[in-house]
């Protein structure tokens with residue numbers, strides 16, 4: 001099976017779109033937030049679509065399984081940095097920081113578990129899929145921030161995603177607890 005297939009191209013597209021929605025975010029034109037949000041939303045949809053196609057067409061690859069969560073993290077962290085800078089307040093920067101810290105910890109944990117050859121591999125948990133969906137919902141709303149209600153929905157979703165972020169991190173740590181304390 002080829003390493004690079006249509007689902008993998010969609011995942012790569014998600015990574016490639018990050019600098020484009022970042023540049024769009026800073027353009028000094030009235031319609032820039034809407035275009036930035038549309039670009040982010042399209043990238044977010046590819047997250048669902050690439051996995052769906054890979055399973056449906058039986059084109060799952062080890063590279064795709066590795067790249068998909070990395071692409072998610074790159075996209076989410078970039079958007080978190082943008083909204084933290086845009087709102088420039090602790091009540092946005094704090095949850096953004098918590099989410100970024102968790103993502104780095106889990107990526108490092110996955111690398112460590114793979115490096116020690118543990119049988120307790122860290123697959124994607126159902127709670128992580130929900131977390132990613134809520135994060136993308138929050139970030140879509142906050143990048144757009146067209147009116148007060150959209151911002152409120154985005155902030156609420158951001159805080160819900162922080163709770164899901166912490167919960168999923170605890171589950172991952174529980175899965176590898178024996179490796180953490182016995183290695």
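We number each residue from 1, going along the chain as drawn.
Backbone N, Cα and C define each Cβ position, glycine as well.
Residue 57 and residue 174 carry different topological domain names in Swiss-Prot and therefore face opposite sides of the membrane. Helix first, then strand, then coil: DSSP counts for the topological domain 'Cytoplasmic' (170-182) stand at 12 helix, 0 strand, 1 coil. DSSP places the residues of the topological domain 'Periplasmic' (39-61) in helix, strand and coil in these numbers: 18 helix, 0 strand, 5 coil.
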